[in-house]
Structure formats: structure tokens, C-alpha cells
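First comes the structure, then the notes that go with it.
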Amino acid sequence: MENSALETAIAREDIELIKNLINKGANVNAVNRETGETSLMLAAYTGNLQLVKILLEAGALANAVNRETGETALVFAAQRGHKDIFEYLLPLTTDLQQKQYAEAELPRGLLLKARRDDPLLSSLIAAVVRGEIQTIRELIVKGANINVFDENGETPLYISVSNYAIDVARVLLELGADPNTPAENDSYTPLAEAIVRRYTEMVTLLIEAGANPDLLVNGATPLMIAAESNCLDIANVLLQTGIDVNFRTENGQTALFFAARSGKIEMMQLLQNAGATGDYSEVLEDWRQNEF
């Protein structure tokens, strides 16, 4: 944005400074060169209706479209769950597609706003990130939902797995965290996340706590994820649970196929020793041709 002072004032929701800058000639329709955002989009994001009205009265364009995202201020308000701003901007927005998109985004935006505004949730997530185990215990006693999703669609347990915080994960599981609840954004379970991060000890902990080693993640089993990632130790842990090594996806693919497709010879041998069947020599040869 050309007027960095105006952008800063909007972020701080400093009404008086914003009025002064506008009176001095600040361009309310200037665009941030990096994000493509206008001052009205920023105001809609903050959730300050008074600020939105001031900018509109000063000539801000309600129908300006972010060149990076293709969204108007109305969509920004909807995605942040600012219903009052959404309702104010709706009749000012002329693009029907923008209106329909914003209306579709509003329910999730309201849900995310409720999560942001939940003091117990924000405190719990902060404690998980910082590894403050005693605080986590205290918050659960106070009524914090241990399986709630944060603004990013992740549970406290999922966050602890992503952060390699096994002590935190252990406490959360002891307190009742569900090891099978997937993240909202990518449908990965804590177990799948631990596999991708090659965190064998975490995988073992999750399985012992009840994580389902057969639970599909985006159509693939945990073993398939481990096979393609060549996580031999983790594959061993999964195989020890008695899972079906020859389970097939809807496309007929097995864990052995995933290993062959990515050229994981040791993994193929491990799976075959565990009873995996199927001739994937052509798949392996295709990988070799593409690799070399």
C-alpha cells in the first residue's frame, strides 16, 4: 500500500489518526503491492465497523477486488466472521459471484470467530504450543474442550504432534484427547501427521492410546503413507498391530504399490516379508526410468 501510515493506523484501529491521514490526502484506495489489499479490505479483516464506514465515506471502493485472491472486502469480512460488516457491505457489493461466495464463507467464518473469541481455547492452544503441561491440566479442569479445533482447524493433540511435543501429547491423551480426530484443513489424523514427520515414538504412543491404524486418510492407510515415505521403523510398528498389509484403495493400490512407485526397495522387502503380494516390477521400472 502506498500509504503505509494509513495501513498501520488501520491495523491498530486508530480512528483519530485515520481521520487525520484522510484529511491530509491519504489515498483510501491505495493497494498493498505484496498482498493486493486495499484499506477497506484491511478494515473488514479487523472487524471494526466504524472504521469501515469512515473509509467508505472517504471514497473507499466496496467493489475493489484483491488482485492476489480475487476477493472483495465483503469476502474478507465473511471469512473472518464479522457479520455486522458483512451485512453492511452486502448491499454495496454489486458482483453476484462475490456475494454468493461471501455468503457461502460466512458460516465457517462465524465458527472460526467463535473459536478465536473463546478464552479457554486460546489459552489451551497457547499452553500446548509452549509445552506448559500444568496449565493444560488446569484449563481442562476449568472446562476447556480438549478436542476442540483452533482457528487453523487443528486439535491440541494434532498441534502437539506437529511440534514433536511427545510429553504434551501424552498428557492430552491421558486427559481424553481423541487420537483419531483429523485436522479440518487436510483431513490428516494425528497418526498420519506423526508418520509424515517420521516420529516413530509418537506413532507408538498414539497407537497405544487407541489411534486406529486402519483409518483412511484421504483414501490411503497409515501403512501406505509410511511406505511411500520409506519410514521403515514406523511401518514395522504398524505391521505389529495386525493390519491388512494387502488392503487396497478404491483404485486397487496397496502399500506395496506405494513403495514401488517411489522406488523404496527396502520398504518393498519389508512389506513382502510381512505377506504383501502383487507384482509391481513394472511400477518399479517406471520409477527407475523417470529417476535416471
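Counting begins at 1 with the first residue displayed.
Each residue, glycine too, has its Cβ placed from N, Cα and C.
Now, the feature entries from TrEMBL:
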REPEAT    1-33  repeat 'ANK'
REPEAT    35-67  repeat 'ANK'
REPEAT    69-101  repeat 'ANK'
REPEAT    122-151  repeat 'ANK'
REPEAT    152-184  repeat 'ANK'
REPEAT    186-218  repeat 'ANK'
REPEAT    218-250  repeat 'ANK'
REPEAT    251-283  repeat 'ANK'
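With a cut-off of 8 Å between Cβ atoms, the residues of this chain six or more beyond the repeat 'ANK' (218-250) that come close are 186-188, 191-192, 195-196, 198, 200, 203-204, 207, 256, 258-259, 261-262, 264, 266-267, 270-271, 274-278. Secondary structure of the repeat 'ANK' (35-67), assigned with DSSP and counted as helix (H, G, I), strand (E, B) and coil, comes to 17 helix, 1 strand, 15 coil.
Counting same-chain residues at least six beyond the ends of the repeat 'ANK' (251-283), those with a Cβ under 8 angstroms from any Cβ of the stretch are 220-221, 223-228, 230, 232, 235-236, 239, 245, 291. In the predicted model, the repeat 'ANK' (152-184) has a mean pLDDT of 96. Secondary structure of the repeat 'ANK' (218-250), assigned with DSSP and counted as helix (H, G, I), strand (E, B) and coil, comes to 16 helix, 1 strand, 16 coil. The DSSP breakdown of the repeat 'ANK' (152-184), given as helix, strand and coil counts, is 16 helix, 0 strand, 17 coil.
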